[in-house]
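Working notes for the structure below.
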Amino acid sequence: LVGAPLVENCLAGFNSSVFAYGQTGSGKTYTIWGPANALLEENLSSDQQGLTPRVFERLFARINEEQIKHADKQLKYQCRCSFLEIYNEQITDLLDPNQRNLQIREDVKSGVYVENLTEEYVSSMKDVTQLLIKGLSNRRTGATSINAESSRSHSVFTCVVESRCKSVADGVSSFKTSRINLVDLAGSERQKLTGAAGERLKEAGNINRSLSQLGNLINILAEVSQTGKQRHIPYRDSKLTFLLQESLGGNAKLAMVCAISPAQSCKSETFSTLRFAQRAKAIKNKAVVNEVMQDDVNFLREVIRQLKDELHRMKSNGNNQTDPNGSYSTGWNARRSLNLLKFSLHHPRTLPHVDED
């Protein structure tokens with residue numbers, strides 16, 4: 001229900017994000033990644049897999065289908081992944097744990113990104129599994145009285161999917177790019193229930209503060225969506241909301257999986273999670289297809305040559321005057337088309353990674 005539409009949206013050029021939200025011990029990590037050591041078991045049945053392995057199995061199968069279906073357009077895909085955690089408001093690269101306290105930057109072209117974050121190219125489920133095993137083994141976990149392996153950080157696994165194709169008929173190239181974010185949030189927790197003390201208590205304080213800032217952001221976004229009133233959106237209140245601002249009310253399709261515990265002792269947290277889910281459903285994102293069309297330079301040169309020939313022919317025939325109705329002649333139109341094409345040739349519409357002649 002969550003993963004299949006995410007894959008189709010990604011292939012269509014939409015950014016997509018999935019958040020797992022809820023109390024500590026309610027099943028967020030289990031939902032996103034699957035059971036402990038599940039990634040090491042090659043023959044794990046599909047109903048036991050977490051959301052992430054299912055998404056990538058489906059993604060690579062669909063990429064293969066699309067490349068075969070559009071072979072005439074030379075359709076090619078490229079995927080690259082990164083994995084980070086936000087622990088005590090510091091960003092660590094889970095694929096290279098020596099890279100700590102990384103900084104978030106904002107760029108006009110590439111938007112919000114993490115400086116010096118490792119990105120690995122992947123082309124199969126095996127490649128993704130290796131990255132997940134490596135990253136998850138570096139993630140901060142700790143025991144509390146509710147959960148023996150409680151996540152003490154927010155983790156974000158991101159895959160950028162790029163596709164290029166070229167129409168033989170008109171020489172127009174298409175470049176699509178989309179981003180998948182799979183976010184496993186640390187769980188909200190009450191000190192009385194978890195028995196957190198010392199370092200665990202400090203971690204819990206940072207987790208709860210970060211989740212409170214996320215909740216505040218969700219409230220404001222829901223209010224803006226429902227009333228249409230303009231308000232300041234506090235994306236920069238935390239590393240999490242700053243990093244994922246595109247997913248929250250921006251250019252992305254967003255799904256939230258809210259996990260709740262059946263335990264009576266967790267009733268207040270369960271109600272809190274359900275209220276959060278209700279508010280989140282009111283948010284309206286503004287997802288658009290991330291696609292750039294680029295005319296082929298050689299094709300444009302050929303059109304310019306044809307227009308030059310036509311212009312030369314018109315001049316030779318002395319037909320470069322206005323007609324009796326006062327409109328400009330074909331020769332003038334040819335010259336205007338020629339100038340427009342020359343402008344297109346010298347100012348191609350490009351994105352980063354698109355080669356220019």
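Note that Cβ sites are derived from N, Cα and C of the backbone, with glycine treated the same way.
TrEMBL: automatically predicted annotations, no manual curation.
As stated in TrEMBL, the feature coiled coil covers range 290-317 out of the listed 94-121, 150-177, 206-233, 290-317. All protein chains included, Gly27 (ATP binding site) registers 16 other Cβ atoms within 10 Å of its own Cβ. Listed in sequence order, Gly187, Ala259, Ile260, Ser261, Cys266, Thr273 are the same-chain residues six or more apart from Ser26 (ATP binding site) with CB atoms under 8 A from its CB.
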